[in-house]
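As written in Swiss-Prot, here are the features:
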- 11-105: DNA-binding region (DNA_BIND)
- 119-185: region 'Hydrophobic repeat HR-A/B' (REGION)
- 199-203: motif 'Nuclear localization signal' (MOTIF)
- 226-235: motif 'AHA1' (MOTIF)
- 240-329: region 'Disordered' (REGION)
- 274-283: compositional bias 'Low complexity' (COMPBIAS)
- 289-298: motif 'AHA2' (MOTIF)
- 296-308: compositional bias 'Polar residues' (COMPBIAS)
- 317-329: compositional bias 'Polar residues' (COMPBIAS)
Amino acid sequence: MDENNGGSSSLPPFLTKTYEMVDDSSSDSVVAWSENNKSFIVKNPAEFSRDLLPRFFKHKNFSSFIRQLNTYGFRKVDPEKWEFLNDDFVRGRPYLMKNIHRRKPVHSHSLVNLQAQNPLTESERRSMEDQIERLKNEKEGLLAELQNQEQERKEFELQVTTLKDRLQHMEQHQKSIVAYVSQVLGKPGLSLNLENHERRKRRFQENSLPPSSSHIEQVEKLESSLTFWENLVSESCEKSGLQSSSMDHDAAESSLSIGDTRPKSSKIDMNSEPPVTVTAPAPKTGVNDDFWEQCLTENPGSTEQQEVQSERRDVGNDNNGNKIGNQRTYWWNSGNVNNITEKAS
């Protein structure tokens, strides 16, 4: 017993305190011997650092305690557990701890001395220098790549934040639109208002239509037709004055000739250009004296010409919004055109 005490007095304090701490049965819930009594296990590292380390070593650093164990040759048995083993650290045999020695740290001057004892050749030295330079370059490249990756990560995070803000703004805008549409659709008179608006819009489009070009063309064609008839009557009057010998012909033949021209005037094609015809020679039969007296005293076609100009002004100034077909009077009816033939009857 005295031998054991004497041997333990020469042991390092760390080993002595560690043995006492592990061998204390009151702390078996925190640290205890393993089943084979050749290693010890730290079951609760947090409580071990908080309660036991301050009591035996006056600090709470569990990592420092592990480094001390490594210094004295302890090794970890199970990577999943805090179990440490040393062949000379056995339960009930504290005297074996005298074989445990602290490892000497390796310092830089020791390496220099080792190199001095074993000098390198020139080729080995150059090879090692090249390898060191290559490793430095690789290190610089890795650091640059790391910086680039870090910069890209920050930019990506900024883009994600911006997109989130835009998404939230769009969601709020969409909600406001949906709420407004729901409020508008909830009004009872909405459908009627929409129908009235569509009807007014259609009426405005119909009223804003320009005058039909086809109607204007028909007016121009009719005007040219009237001019043609005016010239025809004038030539007939002149030729009838020159041929006075033919005035004694039967009036019935003249009436028949004029009657033949009446249906022709009522069948004028308003959609075609007036044909250019050669004036036939005046009939040799006599005509009505009253008819030729009226032709010589009046300006044939003047009344019709004034009516044409008046009607064209009415067509051009029709801006009241009503349909052209409803208010326009087609003055090119056969009745107006046949005025010439009626005078002859």
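These residue numbers are counts, starting from 1, taken along the chain as shown.
Glycine is treated like the rest: Cβ placed from N, Cα and C.
Residue counts for the DNA-binding region (11-105) under DSSP, helix first, then strand, then coil, are 42 helix, 14 strand, 39 coil.
Broken down with DSSP, the motif 'AHA1' (226-235) shows 10 helix, 0 strand, 0 coil.
Confidence across the DNA-binding region (11-105), taken as the mean pLDDT and rounded to a whole number, stands at 86.
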